[in-house]
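So TrEMBL lists these for the protein:
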- 275-532: domain 'GP-PDE' (DOMAIN)
- 90-110: transmembrane segment (TRANSMEM)
- 133-161: transmembrane segment (TRANSMEM)
- 173-193: transmembrane segment (TRANSMEM)
- 199-228: transmembrane segment (TRANSMEM)
- 240-260: transmembrane segment (TRANSMEM)
- 545-564: transmembrane segment (TRANSMEM)
Amino acid sequence: MAEKGSLGACWEALTWCPGFQSCPVMSRALPGADGLVPAGSGGAGRSMVKHQPLQYYEPQLCLSCLTGIYGCRWKRYQRSHDDTTKWERLWFLILTSSFFLTLVWFYFWWEVHNDYNEINWFLYNRMGYWSDWSIPILVTTAAGFTYITMLLILALCHIAVGQQMNLHWLHKIGLVTTLITTVVTMSSIAQLWDDEWDMVFISLQATAPFLHIGALAAVTALSWLVAGQFARTEKATSQMLMFSAYLAVVVALYLVPLAISSPCIMDKAALAPRPAVLGHRGAPMLAPENTLMSFQKAVEQKVSGVQADVVLSYDGVPFLMHDKTLRRTTNVEEVFPERAYEHCSMFNWTDLEKLNAGEWFLQNDPFWTAGSLSRADYLEAANQSVCKLEDMLEVIKDNTSLILNFQDLPAAHPYYSTYINITLETILASGIRQQAVMWLPDTERQLVRQVAPGFQQTSGLKLDAERLREKGIVKLNLRYTKVTNEEVRDYSMANLSVNLYTVNEPWLFSILWCAGVPSVTSDSSHLLRKVPFPIWLMPPDEYHLIWITSDLISFLVIVGVFIFQKWRLGSIRTYNPEQIMLSAAVRRSSQDVKIMKEKLIFSEINNGVESTDELSFCSENGFANELVTPTDTKLRIN
């Protein structure tokens, strides 16, 4: 009985003194390096005690969901504060790399919304059939990015609460699948549409200042996690590596604005006039492209000009068609199935008149705008036919300027050598002002100057200003990715006007406006007309103030978090499952906590002492339930 009384006293003393080897009874339960400790202090007969790590169960819904979703470990006793294995750390590294890769891909595919129709048309020429690839790719990319982001957040939460990471094998398969799909898709786009990646650098001119603030906020928020790990880590080398890596990222973010160059960081007084907007093939979002209705809609939108693609029929009638065949924009496969793959110029006008050039627009809905048409516009679009150049000129001659592009005719065409003359005659006979016509083809340019000296000679090739002047060029018509802001200014100083195509997004229109671009060609003239001012315009001094203020606030928050975490966790040692973990500051009623019994296995060697009776006394008198309680913070018994 005296010994049992001393046992209770020892349990009570444990809350204040971790070193309890002096207790004559509890010394028998102390685990050694191998988990087996003699129960007695001498003699031939000794009782050996094997101590298994304490396991407890405390109902915590959030923690159960955290470990359950990430590693399918829904039961409390399946979780552990053990160190994460090297393999699981490797999976965390793969997860982090996949996050940044899918982030870049998602950002890219979201920003190229401006060129979705162009990409679809490009793939149509490669595969031979039309399909809207943009939305499936965007949805798939968004789903993959969301999935990877969710896993990364769960992994960071595991680190934050000190739980062992154990990614479930299904998630590992999903992670690898998402990673491989992203790499393959990015590689395919890079090979098929390599200059589209220039769009990323242009988009950064519009988004970089805001992405910088967002990244700064994210890294500042991560300081709580990094500081916690820093405070818990015992090795000075590990602490320095962790701190140095985090500090490098933070400093790099602080200095990123030095590399940010946006034309919209400028004084308002330096802003150039609003760029003129030309309708690309009319108004192709409101009506089928290159049809009479499309150009009528463009005129209604009060565009500054229109762009059209001209080709000559087999019997010498100039008409409007962009593709080499009629398959995409007409029902030629139904009317002339045996001739569907012929060049469009090999059809007589009488055959072209039989084709419907509007139903494809309603069926394919290339810009997702067909559903917004009124009933009258819908019926009108469904009954559009191939448009003559003469009819289009009659619609636009008194209101807008015109960029003309031409298709090369097959050598077997009867008007192969004279189609320029026929087209010129049609244009001059329409009564349109010569100064309103921007002549794009290089073919027979000298003849065009003689017949129509008032035409604005326009080039689709980016050459130096001196060579362009020698050729009599006064205007350039280039894709927006093919010219830099500096080149636009250089051409302007050389009295050369630049028109960029195809600009559909307001943010892209704003960037080009700030860069001083005189005019753009657009599929969405009805949207750009609603942009009376660049989406954002920031004076340099104001931008520098925001930059420095953000960096300073971030720095102060990070320093404060590190100090607080060091104060809060600096005295706490890492958890070792081979040791008994006790808490000395429990403020929770025992009825709220369900404690699993500690498993103590005693092995008798020769004639041992019945230690089970001694230890059961603690449980009977409530000492164990009061002292051995689960909390997130544990003290290691040394």
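Cβ from N, Cα, C; glycine included.
Please treat TrEMBL annotations as automatic predictions, because they have not gone through curation.
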So what's near the transmembrane segment (90-110) in sequence-distant terms, Cβ-Cβ under 8 Å and 6+ beyond its ends?
84, 137-138, 141-142, 144-145, 148-149, 151-152, 155, 165, 167, 172, 175, 178-179, 182-183, 185-186, 197, 199-200, 203
Over the span of the domain 'GP-PDE' (275-532), how high is the average pLDDT in this prediction?
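Mean pLDDT, the domain 'GP-PDE' (275-532): 94.
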Excluding the flanking five residues on each side, which residues at least 6 beyond the ends of the transmembrane segment (240-260) place their CB within less than 8 Å of a CB in that stretch?
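Contacts with the transmembrane segment (240-260): 204, 208-209, 212, 215-216, 219, 222-223, 226, 229-230, 233, 543, 547, 551, 554-555, 558.
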Do any residues, 6 or more residues outside the transmembrane segment (173-193), come within under 8 Å Cβ-to-Cβ of it, and if so which ones?
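Residues 91, 94-95, 98, 101-102, 105, 108, 119, 122-123, 126, 137, 140-141, 144, 147-148, 151, 167.
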